[in-house]
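TrEMBL annotations:
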REGION    428-452  region 'Disordered'
SIGNAL    1-18  signal peptide
TRANSMEM  62-81  transmembrane segment
TRANSMEM  116-133  transmembrane segment
TRANSMEM  154-173  transmembrane segment
TRANSMEM  179-205  transmembrane segment
TRANSMEM  232-250  transmembrane segment
TRANSMEM  270-289  transmembrane segment
TRANSMEM  298-316  transmembrane segment
TRANSMEM  322-344  transmembrane segment
Amino acid sequence: MFFVLALFSLGICCAVLCVVVKRSVQHEHSDDPNFLSFQRVYLAGPHVYALYESYWMTKHQIELLFIAGFGSSLLFGTFIGSIADKFGRKTNCLLYALLYGVSCVTKHFADFNVLLFGRLMGGIATSILFSAFESWLVFEHRRRALSDQSLKQIFANATFANSLIAILAGIVAQTAANAFGFVAPFDCALVVLTLMALVMTFTWCENYGDERAHLPQSFLDAVDTIRKDRRILFLGLVQSLFEGSMYVFVLEWTPALSRASETGTIPHGYIFASFMISVMMGSAIFNLLSQYSRPESFMRFVFFAAALLMGAPVLFPSSPAVIFVAFALFEVCVGIFWPAMGFLRSQYIPEKTRSTTMNFFRVPLNLLVIVILWNNFQLDTIFKFCVSFLLLATLMQHSIARLTSSPADGSELPFDVLEEMEKLCAERGEVGEKTDAERVDSAEESAERRVG
């Protein structure tokens with residue numbers, strides 16, 4: 001009963017918060033229909049663990065399958081990012097649809113090796129999902145010379161919509177699983193992937209990083225970018241530490257709440273829906289916060305709050321209500337994190353190596369998750385690790401805030417760099433031999449000269 005009341009209470013709070021945000025935040029709109037269209041893509045696939053269990057996989061085999069997915073993302077992520085920058089972000093997004101589609105097909109086979117291959121394909125696809133789509137979005141946003149505020153709103157709206165669709169997808173997946181078995185949700189995902197690929201093929205234009213760079217050179221350029229700019233280095237560490245804690249949380253919230261429950265059973269559906277509503281609330285709060293403060297600044301407090309909340313299972317191991325409330329508030333922090341981090345990446349990562357650099361950020365993230373999965377740590381130890389990761393993220397974010405606290409540090413320019421880029425794009429006919437990335441870099445270099 002408690003979880004049902006919590007779900008409805010969170011729903012009411014979320015609705016009220018959305019009304020407040022709608023009245024308080026001045027939304028900017030684009031008249032470009034192609035720009036509006038790329039706010040509408042989402043895909044989710046549930047029931048993985050249950051499917052593996054239905055194939056009589058042992059707990060160790062299931063753990064190996066999950067490790068294979070994270071390991072695949074770790075090994076191939078940066079390479080895939082370089083492909084996106086050189087051969088096109090749209091092409092890489094289509095590759096995501098193909099690879100994840102193959103992963104869905106393998107779920108029909110109760111064979112460990114086939115499922116392992118599917119997890120490897122899914123891991124590579126995940127690297128694309130978390131880099132190429134955002135890189136394409138940021139470039140198109142800049143090419144259309146739209147404002148930074150509208151980009152913040154897009155990231156916030158995407159987080160809100162993803163959470164809402166995750167709830168709906170969960171309902172569809174459960175209905176399909178009840179009617180046709182655990183593999184049915186993956187068939188539904190395959191249909192959505194096909195539709196997504198068709199939409200991208202006929203409505204998206206292509207954009208690139210540095211088309212002329214060889215793949216090893218893109219890799220080295222990304223390393224050099226991270227080495228030379230401490231803001232990017234700290235940003236990558238912050239992302240890895242927070243997302244590492246978040247993925248561990250996704251794996252461990254069920255045993256944490258089950259241990260605290262007197263019966264040992266919990267209503268997973270209600271709890272998952274509550275968490276998604278909390279993420280929606282976080283995206284709305286981001287819209288409010290960004291009106292009055294920079295993400296570089298207020299994210300310090302978000303990370304510190306997340307660290308305190310993640311300590312609840314350690315401090316109150318036998319109180320399901322306290323743990324649930326702490327986890328729900330942590331998900332609010334997650335809802336603030338996604339749009340904030342997307343916006344910060346758009347500000348500091350160079351266009352020509354954007355996808356490659358973003359996938360570099362996922363290397364330590366995947367390492368953290370693999371180490372925790374591989375070692376059979378006690379539940380309290382796992383959450384202590386998460387608290388430590390989040391406190392480190394707080395310190396890193398504080399460093400970013402200090403580095404970008406004044407225009408002299410390059411955080412804010414006294415004129416609009418996008419205006420320079422728009423002028424350069426208008427000269428496309430005269431300088432057709434230049435790549436899109438070169439025009440972006442030229443605009444940024446011109447901006448730096450004017451600041452100097």
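Numbers here mean position along the shown chain, with the first residue as 1.
Quick reminder: no glycine exception, Cβ is built from N, Cα and C everywhere.
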Could you name the stretch, out of 62-81, 232-250, 270-289, with the greatest number of CB pairs under 8 A to the transmembrane segment (154-173)?
270-289
For the transmembrane segment (322-344), I need the partner stretch with the highest count of C-beta pairs below 8 angstroms, choosing only from 62-81, 116-133, 179-205, 270-289, 298-316.
270-289
Any contact between the transmembrane segment (232-250) and the transmembrane segment (62-81), i.e. 3 or more CB pairs below 8 Å with pairs at least 6 residues apart?
no
